[in-house]
Amino acid sequence: MGALEAERAANNATALETQSSPEDLGQPSPLRKIISVASIAAGVQFGWALQLSLLTPYIQLLGIPHKWSSYMWLCGPISGMIVQPIVGYHSDRCESRFGRRRPFIAAGVALVAVSVFLIGFAADMGHSFGDKLENKVRTRAIIIFLTGFWFLDVANNTLQGPCRAFLADLAAGDAKKTRVANACFSFFMAVGNVLGYAAGSYTNLHKMFPFTMTKACDIYCANLKTCFFLSITLLLIVTFSSLWYVKDKQWSPPQGDKEEKTSSLFFFGEIFGAVRHMKRPMVMLLIVTVINWIAWFPFILYDTDWMGREVYGGNSDGDERSKKLYDQGVQAGALGLMFNSILLGFVSLGVESIGRKMGGAKRLWGCVNFILAIGLAMTVLVTKSAEHHREIAGPLAGPSSGIKAGVFSLFTVLGIPLAITYSIPFALASIFSTNSGAGQGLSLGVLNIAICIPQMIVSFSSGPLDAQFGGGNLPSFVVGAIAAAVSGVLALTVLPSPPPDAPAMSGAMGFH
């Protein structure tokens, strides 16, 4: 039976690759259309930046202890492992007259709107349903918040996969255009990050919408609510302008496929069978991606909490002065993330030329992972310096100007490896899948699984690990530094180089 099962899995893999293959789109689309679709990333990332910088502290203010807050982030990888491969699979086969990708992108925007409402009004609805304001734990608000948080992760996964697959369709198999498209996507992610983190660091944003501040919703909550209003407005503008401007050709299955349609439904056993029988370049890419994101997720999920706790010495569960210090640290962390995103945006624009000068995409990715390793290791030095300063100046003194400068420099420099991480792995996945005949949506969905698995590992382990060492964030950051170094070595040694660029086509010059 083992041989038969292996043969069946191989057939499933072949079927998935063949049926997911994008239609022959001809020549690559003009750069202006690629830029238009890539701009959707700004709207998506605005909300994601708010989620990363403000929601971990906010859930603690609603009453979830720090050591349990990491489990909240399990929503993301679980929904990512389920949603994005399904969306990718079906967007490869969608026969809608609106195209393959656009219906899923529009559905994702609708889900974002619902989730933003639930998150922003969680405290108000919880109070209406019976939460007592004097209670430390607001159970109903937490349930509503977590529901919205889950929906937001589902919405982001519904949006991002088809967006990247749409870009790959527009590149039409041209390796250089594919890298440029992903660099544009990374650039607009940086734009969204800058806007999101800037909004999150501004303490009086709620004055734009005075109604956001209520009896159950204090200034921090009102600022959060206002930020999400701005987020959904931007997302609606960029998404619908892009979907109106860039047409998505209606797809029809090749002759003979219609009869097999009912037998080729998506099952997770088949997709994991496809992973087992993927070509070596894609397998190596998935391995390096898993280890790389084990390095990234501790910092991405807990950077603002680290600023509030370890750097500023605040406590979300402490007295009013400790809470105020914690909030100041969170806002400073959002400002640091804004600096990070500014550099990320500039680096994204130069990924193509930097990669050429460094000898290729895989060498560039490998080298910047060592920058990530050094940066994460430096969090130990920053934390110890902040603790030493508080021993001298007092527990509520806050960090010195020198420590603040060091922290902001650290946040900024980490924008370099993050720009590469947001671009090169996705470009390589598109290139490898094109060469093997696999569909863009399915391949990017599988890559998303390689990103979700590390987040699950970090979410499960970081809380208990940090609790074993006193409740801070440093143990997870140190593990991340080690993983970053390992991923750098693997990227340089085992990851295959992508094939040469596709030859130029007569229609590839439509850049005006």
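Note that Cβ sites are derived from N, Cα and C of the backbone, with glycine treated the same way.
Annotation source Swiss-Prot lists compositional bias 'Polar residues' at 11-22.
The annotation phosphoserine is assigned in Swiss-Prot to SER20 on the grounds of similarity to another entry.
Per Swiss-Prot, region 'Disordered' is recorded for 1-27.
Summarising the annotation, Swiss-Prot assigns topological domain 'Cytoplasmic' to 1-33 (among others) and lists sequence analysis as the type of evidence.
Among the features that Swiss-Prot reports, topological domain 'Extracellular' is placed at 55-67 (among others). Mean predicted confidence for the topological domain 'Extracellular' (55-67): the pLDDT average there is 76.
Annotation comment: Swiss-Prot describes 89-102 (among others) as topological domain 'Cytoplasmic', evidence class sequence analysis.
What Swiss-Prot records for 124-140 (among others) is topological domain 'Extracellular', and it gives sequence analysis as the kind of evidence.
Look at Swiss-Prot and you will find 162-179 (among others) tagged as topological domain 'Cytoplasmic'.
Positions annotated as topological domain 'Extracellular' by Swiss-Prot, on the basis of sequence analysis: 201-225 (among others).
Feature annotation from Swiss-Prot assigns topological domain 'Cytoplasmic' to 247-281 (among others); the stated evidence is sequence analysis.
If you look up Swiss-Prot, you'll see 303-333 (among others) marked as topological domain 'Extracellular'.
Under 8 Å from some Cβ of the topological domain 'Cytoplasmic' (355-363) lie the Cβ atoms of residues 179, 424, 427-428, 491-492, 495-498, all in the same chain and six or more residues away from its ends. The topological domain 'Cytoplasmic' annotation in Swiss-Prot covers 355-363 (among others), and the record cites sequence analysis as its basis.
For the topological domain 'Extracellular' (385-406), residue counts in helix, strand and coil come to 15 helix, 0 strand, 7 coil, using DSSP. The topological domain 'Extracellular' feature in Swiss-Prot is assigned to 385-406 (among others).
If you look up Swiss-Prot, you'll see 428-440 (among others) marked as topological domain 'Cytoplasmic'.
Marked as topological domain 'Extracellular' by Swiss-Prot on the basis of sequence analysis: 462-473 (among others).
Residues or ranges marked as topological domain 'Cytoplasmic' by Swiss-Prot on the basis of sequence analysis: 495-512 (among others).
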Would you kindly list the residues that approach the transmembrane segment (334-354) from elsewhere in its chain, counting only those six or more residues past its ends and only Cβ-Cβ distances under 8 Å?
49, 52-54, 176, 179-180, 183-184, 186-187, 189-191, 193-194, 197-198, 200-201, 303-304, 307, 364, 407-408, 410-416, 418-420, 422-424
Out of 141-161, 180-200, 226-246, 407-427, 474-494, which stretch touches the transmembrane segment (103-123) the most, going by CB pairs under 8 Å?
141-161
With pairs fewer than 6 apart in sequence excluded, do the transmembrane segment (364-384) and the transmembrane segment (282-302) have three or more C-beta pairs that lie under 8 Å?
yes
Spatial neighbours of the transmembrane segment (226-246) far in sequence, C-beta under 8 Å, 6+ residues away:
29, 33, 36-37, 39-40, 42-44, 46-47, 50, 54, 102, 105-106, 109, 112-113, 116, 119-120, 166, 170, 192, 195-196, 199-200, 205-206, 208-209, 212
Under 8 angstroms, Cβ to Cβ: which one of 34-54, 180-200, 364-384, 407-427, 474-494 has the largest number of such pairs with the transmembrane segment (141-161)?
34-54
Feature contact check the transmembrane segment (180-200) with the transmembrane segment (364-384), CB under 8 Å, 3 or more pairs:
no
Recorded stretch that, among 34-54, 180-200, 474-494, has the most CB pairs under 8 Å to the transmembrane segment (407-427):
180-200
